[in-house]
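A quick write-up on the structure given underneath.
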């Protein structure tokens with residue numbers, strides 16, 4: 001309950017959260033974990049995740065992300081957003097496992113509600129969303145990219161992307177699955193979800209997880225050129241088409257939100273799942289050590 005109240009307070013204070021300043025004709029506002037730079041005449045904002053070391057989507061990060069996105073949605077001068085990372089070598093490691101391990105059911109429910117909220121806002125946004133994937137993008141990081149209208153990925157063999165939840169001993173929910181199927185087709189999604197496949201840039205391009213792979217130093221310039229192409233389309237026709245393509249998938253979650261939260265809370269609270277998460281987190285500690 002306290003978490004929910006804190007989030008409502010932050011959202012209510014969204015217009016005051018973070019600092020605003022003008023930089024070389026551009027406007028910017030920043031929260032602790034998200035930096036947004038906007039270019040008024042161009043109608044484009046660049047949203048940078050900066051939650052080091054790996055841009056994990058903690059409850060605080062999800063809240064700040066949602067607030068930043070809400071600000072941009074309410075700014076009628078902004079037509080498109082380029083989503084990228086400020087952390088070297090990582091786009092986003094996805095959901096924060098520490099939010100799903102060793103907590104109480106109320107925390108799990110609140111966390112999952114925030115994950116749902118961010119996904120719905122991204123996936124149904126009227127703005128043009130282009131992801132400049134400049135690092136590794138597993139699990140929830142891949143989810144963020146899949147929400148975008150176009151995905152540009154750096155051609156670096158060290159970077160991978162995919163919904164690899166099964167490798168962690170957890171299951172991607174139905175709305176992750178639905179979006180994956182929409183993007184790469186049923187058979188590819190079925191195989192990738194069961195195996196927890198992390199695709200190299202070339203493999204991701206081949207199956208359709210990303211739309212373009214470019215040299216690492218060209219990711220942002222390519223994202224901008226792609227954005228220019230999309231901005232040439234009248235907003236009303238593009239937005240109606242996007243809504244037509246995505247509404248059924250979004251509605252499928254909307255009508256089952258509470259049940260999905262209950263299912264997640266029940267699943268993640270199981271001793272066997274907590275044990276799997278513990279083992280995975282211990283492996284991560286050993287790698288860091």
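Cβ from N, Cα, C; glycine included.
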* Structure fact -> Listed alongside 93, 94, 95, 96, 97, 164 for substrate in Swiss-Prot, from 135, 140, 208, is 140
* To do: Would you mind telling me which one of 113, 206, 229 Swiss-Prot calls N6-succinyllysine?
  => 229
* Where does the N6-succinyllysine label fall among 247, 275, 285, going by Swiss-Prot? -> 275
* Asked: From the set 222, 242, which residue is assigned the annotation N6-succinyllysine by Swiss-Prot?
  -> 222
* With substrate as the bound species and 93, 94, 95, 96, 97, 140, 164 as its recorded binding residues, calculate the greatest Cα-Cα distance and give it in Å as a whole number. => 14
* May I ask for the distance between residue 164 (substrate binding site) and residue 48 (N6-acetyllysine), taken between their Cα atoms and rounded to an integer number of Å? => 23
* Asked: If you measure residue 165 (site 'Important for catalytic activity') to residue 140 (substrate binding site) at Cα, how many Å is it?
  -> 9
